[in-house]
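In what follows, a single structure is set out as structure tokens and then discussed.
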Amino acid sequence: MTDYLLLFVGTVLVNNFVLVKFLGLCPFMGVSKKLETAMGMGLATTFVMTLASICAWLIDTWILIPLNLIYLRTLAFILVIAVVVQFTEMVVRKTSPVLYRLLGIFLPLITTNCAVLGVALLNINLGHNFLQSALYGFSAAVGFSLVMVLFAAIRERLAVADVPAPFRGNAIALITAGLMSLAFMGFSGLVKL
């Protein structure tokens, strides 16, 4: 049980996909201008990353390894992610049309989010079992969502703050992301994996 708790805390805080591994920076910078879109993107990404991790582990364990098709792993995972994203898009369109309009082009772009493919590939490379793969995917998504929501809240405050002209816009956003990364480095001694 403690192994799963350490995996969760380690993935969310210590080895955060955005601030430590630098995966998923495109949606991190692109969707984080408003808190509500960041929350929606975080929820959609959480669903996709968790489901994609589970499906990728199942396909790798039951199809690719037994048939000795490991060289097709990346292609198979990209196809799995595309199917999961299409399923998520249909669910979001039916359940929340407002969120669907707010996310706009970013929802289909989850397919190309390197964090989703990264979590699927890292699951296999780290040798996780089924439960660890599901938890790792969920934890990575929770960490991604946490950072995205925190960053969106900070960016909303920065939008009305008196920022010097050369630092307005993306410049202050990158500085803020760097400071967040430094803050998350404080968790580095928390969990030893």
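Cβ coordinates come from backbone N, Cα and C, glycine included.
Feature annotation from Swiss-Prot assigns topological domain 'Periplasmic' to 1-4 (among others). Across the topological domain 'Periplasmic' (1-4), mean pLDDT in this model comes to 84.
Sequence-distant contacts of the topological domain 'Cytoplasmic' (26-38), counting only residues of its own chain at least 6 positions beyond either end whose CB sits under 8 Å from a CB of the stretch, comprise 18, 45, 102-103, 106, 109-110, 112-114, 144, 147-149, 151-153, 155-156, 159, 170, 173, 177. Sequence annotations record features per position, and here Swiss-Prot assigns topological domain 'Cytoplasmic' to 26-38 (among others).
Residues or ranges marked as topological domain 'Cytoplasmic' in Swiss-Prot (evidence: experimental evidence): 84-101 (among others). Same-chain residues lying 6+ beyond the ends of the topological domain 'Cytoplasmic' (84-101) with a Cβ under 8 Å from its Cβ atoms: 40, 44, 47-48, 51-52, 55, 107-108, 110-111.
The topological domain 'Periplasmic' annotation in Swiss-Prot covers 123-133 (among others). Only residues 6 or more beyond the boundaries of the topological domain 'Periplasmic' (123-133), in the same chain, are considered here, and those with a CB under 8 A from a CB of the stretch are 4, 7, 53-54, 56-58, 60-61, 73.
The list of residues near the topological domain 'Cytoplasmic' (155-170) in space but at least 6 beyond its ends in sequence, with Cβ under 8 angstroms from a Cβ of it, reads 29, 32-35, 176. According to Swiss-Prot, the topological domain 'Cytoplasmic' annotation covers 155-170 (among others).
What Swiss-Prot records for 5-25 (among others) is transmembrane segment.
Beyond the ends of the transmembrane segment (39-59), by six or more residues, the same chain brings 24, 27, 31, 76-77, 80-81, 83-85, 87-88, 91-92, 96, 99, 102-103, 106-107, 110, 113, 115-116, 119-120, 123-124, 128, 130, 133-134, 136-138, 140-142, 144-146, 148-149, 152 to within a C-beta distance below 8 angstroms of the stretch. The transmembrane segment annotation in Swiss-Prot covers 39-59 (among others) and is backed by sequence analysis.
According to Swiss-Prot, the transmembrane segment annotation covers 63-83 (among others).
Per Swiss-Prot, transmembrane segment is recorded for 102-122 (among others).
Taken from Swiss-Prot, the feature transmembrane segment covers 134-154 (among others).
Annotation source Swiss-Prot lists transmembrane segment at 171-191 (among others), citing sequence analysis.
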Contact between the transmembrane segment (102-122) and the transmembrane segment (5-25) (3 or more Cβ pairs under 8 Å, separation 6+): yes
Distant-in-sequence neighbours of the topological domain 'Periplasmic' (1-4), which means Cβ under 8 A and at least six residues beyond its ends: 131-132, 135
Ranked first among 5-25, 63-83, 171-191 for CB pairs under 8 angstroms with the transmembrane segment (134-154): 5-25
Per-state residue totals over the topological domain 'Periplasmic' (1-4) - DSSP helix, strand, coil: 3 helix, 0 strand, 1 coil
